[in-house]
């Protein structure tokens, strides 16, 4: 038999030498043939194809999303012609190391004297109520802006016209341009919106134009009105904050503009030393990177270090897939042996296996890019409603990200294809040619591959409790809402537009208090409204923690520094949420004047006073966990049941309530208990606008939906953790299965001999599978230790870890089931005959 094989090989080698003249064409054909073989391998091994493709896609999607986000923030680009030449100009206070926004006076000077910057313009950003003819009133982000901004950007309106220089003149009819998003949401995309009158803040304006989709200059604005403030009439460093911008003039560079502004700034400082001695103009790119200034290098380095984590994730995934490919390649050892005997050198075979891996990784990369694009679009959709991102940040994938993904694909293919290839091409051709089984028996799962399986088991065990904890955290939002009947409440964040009161803080404070009182009165008189209250934070919302000390002189036990939820509440807070005072009394009107009393909940009394009656005890509240807010003591006058803040640990559920009426200086949360919260939302906005058009209501929604953004973010992070954990879990299972299948295939003769000598099934399993069981056990122990390093602060976390250990052991044993069954059904005679 051996002689026939050698003769056949010599015959084939002779034919190959005869065709050497066509060597270049042969190499080119073989190159394309490798890709063809790669696609055939995908179909031949569908299980490996599915697992490998999905795993690579997940890793590449995560890395691509992060890289794209990093690129958008570190290398932002304005979507306009020559957008890189649009600049921002601001006054910088070198003493305060902060920008001086009140620059309208300086803007008037710059507009007259600067020659290196064209279309020099300015904008005052605002958030005002926009009221439409249907009675709907909602706050929108907008800007009072110079008309030349639209000419500078070169963006034509979708409908109507943009602002003109004439619109800036005093006495001209008030006009406004709206964004595409506002046109769609408030006017249903009606072309007849142009010409309609809206109420913007306290004034009416006629819509004269609609901008195209995606336009939001200066940042994320949705409405634009003409800027009619003459900076030349203002004193230096007075007036509202303003953003100044322009486009570099043809032939002018950034350095030219900086030099000219520096010279002008020096002259202005000489003319106005009292206000401008420490001010200097600064010119920067309009769309600035996330990291700038002295800490830019550190921040940028940190961001790129995080990117290395995603590279490591891809490497881990690819090494795991390489384990599967190694097991697959081992089944082709006879093919590789014959090709080597026919003259294919080691490099040629490694190249072929690399191309096969590249096909697999390439499909995974394409799928990963699709997932990344969908994920970016989903994230942008979440951020769009809150205008949290600048308008130039979109969901597209840049060419840099595609190139980066291509490099990741090559990196992954090198791991998946080259690592197994280096191992399988080490076989001795002469020994391997004796039989196909001899070729396979020369291969072993060495220490590297077994270490890979141990590591992936450990990672799975460490990630599963983290993902499971996220599920419990998501359920916490639902449980808190159910505990107080949150579906019966309508909530909103309330604040007031201060720009109409200028620097008169006293007038603003008086108007704010009166407006809030009137709003509360008007809402309480509405049919269907059962109760109204204000607080700085409402139940269901996550709360701020403050430190406190207990007055031991009053007989209280010494507790040292502790922390508790601290909530400022208005009239009727406890009655609104059905939490009557169990001991002591509720707040009375005088308490809102003096403010030196508090009410605590039952958890506070239990954990601080050991369940004793807390009435009459005194605590001192700290502004943080370590710094004193004041030296005043607060007397506890009442105790209520726990409600609304069900946190993971019992000691975290303690709460302290202080009497505070809503007023200027901070946003207030409004809660209205009403029969149909969603139906009452429109009426709430209408009443608010009627009471005071400068009152702004944001986040109008049922209390059951409050925290939805936070819950959504938690759900997203939990989903990512589950995705990674399940990916690694599947890779662990398939890797263990591949190891066991390979072991059974390689040791078929040994198993047959053991069976022939009378070995029981138990001894066969122990002898053949003990190594796999040991790897699973070591991986579970290592993963448990890794999870413990992250912290096991509660019984729930310990139980989650034990569940993860049990799941991994079960999955590992299940992965061994089929190879185990095959090993126990091997017939000794067939095994010995196959080796012959």
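Cβ from N, Cα, C; glycine included.
Those TrEMBL annotations? Automatic predictions, nothing curated.
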Q. Given the ranges 268-292, 443-467, 468-492, 493-517, which one is assigned the annotation transmembrane segment in TrEMBL?
A. 443-467
**Q.** Segment-segment contact (the transmembrane segment (798-820); the transmembrane segment (720-744)) at 3 or more Cβ pairs under 8 Å
**A.** yes
Q) Which whole number is the mean pLDDT over the domain 'MacB-like periplasmic core' (54-263)? A) 92
Q | Interface-richest range of 54-263, 510-681, 723-828 toward the domain 'ABC3 transporter permease C-terminal' (308-428), CB pairs under 8 Å | A | 54-263
